[in-house]
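A.B. asks: According to Swiss-Prot:
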- 6-244: domain 'ABC transporter' (DOMAIN)
- GLY42, GLN43, SER44, GLY45, SER46, GLY47, LYS48, SER49: ATP binding site (BINDING)
- 271-291: transmembrane segment (TRANSMEM)
- 520-540: transmembrane segment (TRANSMEM)
- 577-597: transmembrane segment (TRANSMEM)
- 608-628: transmembrane segment (TRANSMEM)
Amino acid sequence: MTPPLIELKDVTRYYGSGDTEVRALDGVSLTIETGEFVAIVGQSGSGKSTLMNLLGCLDRPTNGRYAIRGQNVSELDPDNLAALRRETFGFIFQRYNLLASVSASENVEIPAVYAGLALSERREKAAGLLAKLGLGERVHHKPGQLSGGQQQRVAVARALVNDAEVILADEPTGALDSGSSNDLLNLLEELHASGRTIILITHDQKVAARAKRVIEIRDGKIISDSGNKQAAAEEAPQYRYARKGPSPIAQVAESVKMAFRSLRANLFRTALTLLGVVIGVSAVVAMLAIGEGSRAEVMARFESMGPNLLFVRPGAPGTRMRGGAIATLTLEDAQALGELENILAAVPSRSTNATLRNGGNDYSSSIEGVSETWPIAQNRDMLYGTFFTKDDVDRRIGAVVLGTTTAGNLFDDIESAVGQYVFLGGAPFEVAGILESKGASSWGQDQDDIALVPITTGMMRLFGQSYLSSITLAVDDTDRITETEAAAHAFLLARHGTEDFQIRNTASILASVEETQNSFSILLGSVAAISLLVGGIGVMNIMLVSVSERTREIGVRMATGARRSDIQTQFIVESLVVGGLGGIAGVAIGFGIVFIIAQMGMTVAVTPLPAILAFSSALGTGLVFGLLPARQASRLDPVAALASE
């Protein structure tokens, strides 16, 4: 024997507990066969709407058994309940519950979306149903452009799009005029005649009289039932709750479409939400480009010094030297270090600031006393003239080699400066040559703002001191630089009898500078990341607001067959779309900022990685901060959601 289509046995539905307990349904037993036209009539508060919610699987009984074709509904998980609503029931609501932002056709298509129908099939089916219901020319009209009767016909088409076996009509004439009400009831009779089961919920006895069977409910109990006046269908259709919903790809594609529609519905709010993400992403791109540019520039300048240099400074390790005031390195130390194995050149150095004069031109520059090996160690070439020789150093001659900045401030034509005299410290110095330009140093100091004199001449005429501020050692074989550094350290330690000096190589300085620059980049990135975090909080806030504003829409989607995962996916995808759009705009604006900064002369380094990371972070932000709103949306109670204003 075939089980009845719908069977309720001793069903109760309680709300609240204790003194506040309300019995909306109290011991309801009911059987409805396939093909019946049943009206459930009762006044407000009688329990008829609660009964409809139970029949449509929007709610579960507190006690008792509700079965569809013998399958106990209480044993079904949420996904199978959603499938049951999607495949078996079609809802017609008193307030229509159409989505205001989409067309009549798209409203009709909603259940078909969750049934996994292809877009072309959905549209064809929706258009056909609307045409049969007299709305063929209003397929693309939005609900606000339709009359109440037309909106209710759209709701009927939505109920039929998945070939629903049971039509549940909840006060369908309540918001219609008498003419539209009669048209709707005629339509329900036609659907009944075609073999569908119709369950009509109403408070109006005249409306109920149009049904073949009338059940009256009062205070949660059935008080009368006119009985089944119609034979059940001989061949009952098979129960279809196990049918699967849309494929993941189709689900995501539809969610993306709905996300853009939702964002367009409130452009100003969307723009404000995107702004937070855009600021965060553009800040990440710009700041990392600035940080990387600064790091690359500093590293390039240090590397231009050559990887073969050792720097000897006076003072014990940890001692801070100021102005070369520590007298532990001498010219003899430099000469002795120059004799060590693998030392290509040992350059003694001492410097001061002084004013150079040429006629009416005065210029204050850095004056540095060095040996003839300075160009070798510093990898500097001559632009004009020659560098002074060892003989010049030994004879303490008054010669000077100028950087291009210094020469340009003293002479109108720097090429003609060679052979002329400048006054330095009150004494004349002949310009022996002009160095090739090198630009700024690692610290931003102009390396061409310099004047070089023989170290011996400087000690005698300018410095008034016989000790050095540094010795630079140029190593011949860089593979042995560590070994050479150790040898120089041991040599000076033996020579001085105490460790009153410090030796560092270019590699260690590079490592230290790189660490500092990396820390700077991390700091900049952290500041930008905080901006992105603030943007993410904005995304979560707006999505929570969206869930609150679209509660009824969520209820409609659940009633028409959306699973929890469908709702959750929809809101997560919306968050990802916000994050993605903000990421794209942020990357573009970030590159624009970088371009402007570069035009201002600041060094920047644009690489794909920061942009990819920033965009990925924006997507990740959308995902992370969209999870809570999405979960909240998917956990809404369908009945409460449909009842929300």
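The backbone N, Cα and C atoms fix where each Cβ goes, and this holds for glycine too.
Not measured: the values here are computed from a predicted model.
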A.B. asks: Work out the three-state DSSP category of LYS48 (ATP binding site).
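C.D. replies: Reduced to three states, the DSSP call for LYS48 (ATP binding site) is helix.
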A.B. asks: Other residues with Cβ within 8 Å of the Cβ centroid of GLY42, GLN43, SER44, GLY45, SER46, GLY47, LYS48, SER49 at the ATP site?
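C.D. replies: Apart from the listed residues, the neighbours are HIS203, ILE217, ARG218.
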A.B. asks: If you draw a 10 Å sphere around the Cβ of SER44 (ATP binding site), how many other Cβ atoms fall inside it, taking every protein chain shown into account?
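C.D. replies: Step by step: centre on the Cβ of SER44 (ATP binding site), count other Cβ atoms within 10 Å, giving 7.
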A.B. asks: Which number gives the other C-beta atoms within 10 angstroms of the C-beta of SER49 (ATP binding site), all protein chains shown included?
C.D. replies: 19
A.B. asks: Which residue among the binding-site residues GLY42, GLY45, GLY47 has the fewest other Cβ atoms within 10 Å of its Cβ, if you could check?
C.D. replies: GLY45
A.B. asks: How does the model score the domain 'ABC transporter' (6-244) in terms of mean pLDDT?
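C.D. replies: So the average pLDDT across the domain 'ABC transporter' (6-244) works out to 87.
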A.B. asks: Inside 10 Å of the Cβ of LYS48 (ATP binding site), count up the other Cβ atoms and send me the figure.
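C.D. replies: Taking all protein chains shown, LYS48 (ATP binding site) has 26 Cβ neighbours within 10 Å.
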A.B. asks: Please identify, from the binding-site residues GLN43, SER46, the residue with the sparsest Cβ neighbourhood, meaning fewest other Cβ atoms within 10 angstroms.
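C.D. replies: Relative to the other binding-site residues in GLN43, SER46, GLN43 has the fewest Cβ atoms within 10 Å.
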A.B. asks: Specify the secondary structure state of GLY42 (ATP binding site) as given by DSSP, simplified to three classes.
C.D. replies: coil
